[in-house]
Each structure stands twice: as C-alpha cells, then as structure tokens.
Amino acid sequence: MKVSKGELIREIDKYSIEKLGIPSIILMENAALGVVKHLMLNEKEYYVVICGRGNNGGDALAVTRHLIAAGKKVSVFSIGLNPMSKDCGVNHDILCNMGVKITNISNVEDIEFLRDSIIRSDVVVDGIFGIGLKREVRGVYDLAITVINETSKKTISIDVPSGFSGDTGEVFGNCIKASKTITFETYKRGFLNYGSHEYTGEVVIEKIGIPDFVVDKYHNKEFFLERKFIQKKTKERALYSHKGNYGHVMVIAGSEGMTGASTIATKAAVKSGAGLTTLISCEDALQAVRNFVPEAMWKKNDDSQGIETLMGKVNSIAIGPGLGKSNETLNNVKRVLKNTDGTIVIDADAINVLEGKTNLLKEAKGNVIITPHPGEMARLTGMEIKKIQSDRIEIAKEFAREYGVIVVLKGYNTIITNGEVSYINPTGNGAMANGGMGDCLTGIIASLCAQGYSPMDASCIGVYAHGECGDKVSEHKFVVTATDIIDNISKTIKELT
Ligand SMILES: NC(=O)C1=CN([C@@H]2O[C@H](COP(=O)(O)OP(=O)(O)OC[C@H]3O[C@@H](n4cnc5c(N)ncnc54)[C@H](O)[C@@H]3O)[C@@H](O)[C@H]2O)[C@H](O)CC1
Ligand SMILES: [K+]
C-alpha cells in the first residue's frame, strides 16, 4: 500500500487530467463512488452531508446524488462563502437542477439548524476540507466541526478528516473525529503520526481510476507493509535442507546484572529459524543461556577472543542488548563494524555508545541495520524525542541515507528504511510495550538475515512477524511479554510462508 503526501496526489491528478485526458469530474465521480461503498446503505437511512467549497466538497455533493439515487433521506449543508471550485460547482448545479435543497452555513443560527439535523441523522459525511486545507480552522468552520463531533453518531470523512493535515498529521485548530476515513489512491503521510487515529478512525484507501504507472512515476517509494507482501517474501523451509542452509548468528549481548536481554535475543534467534546461534557474553549470561536455551552455543568474551574467532564464520551478528554503555561495548561495535562482511544488527547499548560517533557506521564493511526506539534515535541524532516523533519517516530516511544503513525506527508504526525505499509496519500493539521486546526483535531480524534474507527483507519480515505475533497473543492477554513472543514466533512465521 503506497504512502504519500498531498503533493503527490496533486501531481498524479494533474498528469491524469492533462496528459491522459481523464476529465477531472470523472476522478471526482470515482472518488464519490469509492466513498458511497462505505456508507452502509443497507443499514442506514438518514444522512447529513456537509460540504466545503473546494473539490472535497465537490466529492461530497456527488456522494449526495448517489445517496438520493439509493432512496436515502439526505440533508445537505454547504459551508463558507469562498467561491466554489469548478467541479464542486458542477455537482452543486446538478443537485440544484434535481431540486435538492442545499442549506448554506454562514452564521451561528445556521449551526443550530445543522445540530438539529445531525441529531436526527444516522451518519454524517464530512466533505469540508480535504488535502487543500491551508490555514487554521476558524469561525463557522470551527463551530461546525465542534457540533459534528458533539452530536454525530457516526462520521465518515472524505479523503482526510477536515482540519487534519494529510501531510504532517497536524490539527489546524479543530478537527473532525471520524469513525472512518475514505482516502484516495494513497495512505496519507500524516496518518502515520502518533494520535492520528483519534481523528481518522479506520482508514480505507479507494482507487479513483488513476493508472498505477502514473502513481509510480511520482511516488517516493513509501509503503505500508501488507500481509500479502510479507507472505510473498517469507519462504517455506526446503525438504532436503540442513542446519547449514539457515546460517549462523552471533549474538553479542548481556553483561553482569543484565543477563535477561542476552537470553531473550539468543532464544529469539533460535526460535525464528537460524541454523546455529552462538551467544558471546560474560559468565553469568552464559550460565542463563545454558539453562534456558540449550539449542544455542556460547563462548565467553575473554579479551574479545570469542568475537574474533567467530567473526569471519557467522552470517549475521546481533550486538547490543544488555551490553551496558561501556568502552568495551564501543570497542566491540568498532570491531564488528570494521571486520564483518555479514549483516550486523545494532541495538540498545550498541546504539547508545555511538552517540557522537555515528561516523563509525560509515566504515562498516558489511550491511548494517540499526534498531533504535525514539529515545535511542534522539541520542543518536542529537534531536529531541518530540522532534523525532513529529517526523519519524523523514528523520529515519535521512539518517539511513547519510550513514548507508537500514534504520528500523521502533514504536507505533515502526519505520523500516534504507533511505530510498521505506516501509511502515501496521502490526503490534500497546500490550507489547514492556522490557525485552526490542531484544527479541533484534534476535529475530538477525536470525532472518542469517537465513539468507536480504537485510531489508529480514527487517520487514521480522518487524511484521514480531508485531503480528504480539497481536495474536494480545487477543487473550492483557500484557504480551518477550517470552510470549518467543513461544509463538515460530508459529507466526510459519503462517506467513
Ligand atoms: N486525485 C484526487 O485525489 C482527487 C481528489 N479530489 C478531492 O479534492 C480534494 C482536494 O481539493 P481542493 O479543492 O484542492 O481542496 P479542499 O477541498 O481540501 O479545500 C479547498 C477549499 O477550502 C478553502 N480553505 C482551505 N483552508 C481553509 C481554512 N482553514 N478555512 C477556510 N477555508 C479554507 C480553500 O480556500 C478552498 O476553497 C481532495 O482532498 C479530494 O477529496 C477530487 O475530487 C478527485 C480527484
Ligand atoms: K474531509
């Protein structure tokens, strides 16, 4: 599923109209038909449609015509005094020719009339503003949005909830809180922001007749991860295979007092299918692994001998969980970056020690995946967490491009990007927000890398499967722990093949 800003929509719209000769009113009609599909025509009877004066309002007026054709009761309101866009005017005139009454909302008394209609209605269709919203919502617009939010039983927004920036996820003063948003052609970038769900409700994408090649021509390669995409990439294990076919992961993790992280990362690597997994750690952590992950091998990290002896032999390395922020950790990060040509997954303290030393990433011999949560990303970039969260995808992309790494920026809608192509993950939930979850993801991704998946595919499959596993477990559990994921990840990956 493609993700974009409004700019792309304007470009593909322009190309379709000017170069392909598709009249804009056809695109509007297709948009309206896409919305009508979601208006529950077999359940609901009375609709209030509220239209702005731009093309979003035009879509809403075309929707009104279809609702009337379906025999529904409809009250139509046109808000504001701006001149109407051309296609909005066309649909307005058609309704007038049909004898449909359109009530203008330009003052406070009109708002009370709107309130009465909404109270009696089953559904409100919001076509006030789409991607053309430019400035703070004020006056009657502000009042109308408040009344809709206070009184509507169910609000369906056309393209974006009015008041919401499809580009940045900002609210321009006031905003519709929809139960569902029917958006066109692409998932809007702003919907990825924290808190956007409160305004968009469920988001559905409808095509409006623009050929895919036109979208691809302008699209900046940002995608929402879909199950079928992951399923296509996830391979079944071959009948005649042996452990040598599934690679060897070296996990460098754990320190005195922080042995849990290493056990989790190691066990996650084993359970997600690596042929061999070796933990390099201190004595305490090795003891824990001997007890809890008998399938794994282990080596003590004496003067880094453990790392040195295995470095050229493994296919991937997971480094960081529970290592502690020490010089030794930094030296080990340097060591693996400079000497391994396999894929390195850098997490937790291995990220923290790179604060102010990110240039080391540029010296990496192999592929690097870093898996920061927003706090770690903030330390790495010197930005505030709030800034990271306000522009997650762009910041992750820029970092990936600058340092030539894959960034897995964790959190709600985890971003996976190499700077050129970016994926946004929809799986996972709040029940998974507890210690050890990241260590577990690191083990899974490193394991998939060792099995021969490309670093980008391993990151996408790992993140998606980790979240889906958490979603399944959370159906009957209040909290999902890393151990729950480890117990179920093998089943989840199997279901994805
Ligand atoms: N290819 C497509 O996806 C298609 C999209 N369609 C729909 O068109 C809108 C975008 O239409 P546009 O005319 O560019 O903008 P809007 O309707 O969102 O709003 C413009 C309208 O509102 C005024 N305005 C802007 N900000 C404010 C404000 N804060 N206060 C008051 N007034 C404001 C502005 O002056 C204009 O009058 C897209 O979202 C889709 O729904 C097409 O129908 C099909 C093709
Ligand atoms: K809208």
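Positions of Cβ are set from backbone N, Cα and C atoms, glycine also.
All TrEMBL annotations are machine predictions without curation.
Taken from TrEMBL, the feature domain 'YjeF N-terminal' covers 9-216. Residues or ranges marked as (6S)-NADPHX binding site by TrEMBL: 55-59, 130-136, Tyr141, Asp159, Ala261, Gly322, His373, Asp439. Positions annotated as K(+) binding site by TrEMBL: Asn56, Asp126, Ser162. Annotation source TrEMBL lists domain 'YjeF C-terminal' at 226-496. The annotation AMP binding site is assigned in TrEMBL to Lys410, Gly411, Tyr412, Asn413, Thr414, Gly438.
The Cβ of Gly58 ((6S)-NADPHX binding site) lies under 8 Å from the Cβ of Met28, Cys51, Met84, Ser85, Asp87, Cys88, Gly89, Val90, Asn91, His92, Gly127, each of which sits 6+ residues away along the same chain. Minimal Cβ crowding within 10 Å, among the binding-site residues Asn55, Asn56, Asn413, Thr414, is found at Asn413. Considering only the binding-site residues Asn55, Ile131, Lys134, Tyr141, the residue whose Cα is spatially closest to the Cα of Tyr412 (AMP binding site) is Ile131. Listed in sequence order, the binding-site residues near Ile131 ((6S)-NADPHX binding site) (C-alpha within 10 Å of its C-alpha) are Asn56, out of Asn56, Lys410, Asn413, Gly438. Neighbours of the AMP site: apart from Lys410, Gly411, Tyr412, Asn413, Thr414, Gly438, residues of the same chain with C-beta atoms within 8 angstroms of the site's C-beta centroid are His373, Pro374, Leu409, Ile415, Asn425, Gly428. Other Cβ atoms within 10 Å of the Cβ of Gly438 (AMP binding site), summed over all protein chains shown, number 23. Comparing CA positions across the binding-site residues Asn56, Lys410, Asn413, Thr414, the one lying closest to Lys134 ((6S)-NADPHX binding site) turns out to be Asn56. For the pair Gly411 (AMP binding site) and Tyr141 ((6S)-NADPHX binding site), the Cα-Cα distance reads 34 Å. Checked against Gly322 ((6S)-NADPHX binding site) by C-alpha proximity, the binding-site residues Asn56, Asp126, Ser162, Asn413, Gly438 yield Gly438 as the nearest. For the pair formed by Asp126 (K(+) binding site) and Lys410 (AMP binding site), distance between Cα atoms is given as 33 Å, rounded to the nearest Å. Looking only at the binding-site residues Lys410, Thr414, Gly438, the one with its C-alpha closest to Asn55 ((6S)-NADPHX binding site) is Thr414. Taken in sequence order, the binding-site residues Asp126, Lys134, Asn413 that lie near ligand 1, meaning a CB under 6 Å from one of its atoms, are Lys134. Taking Asn56, Ile131, Lys410, Tyr412, Asn413, Thr414 as the candidate binding-site residues, the subset whose CB lies under 6 angstroms from any atom of ligand 2 consists of Asn56. In this structure, of the binding-site residues Lys134, Tyr141, Ser162, Tyr412, the smallest number of CB atoms within 10 A of the CB marks Lys134.
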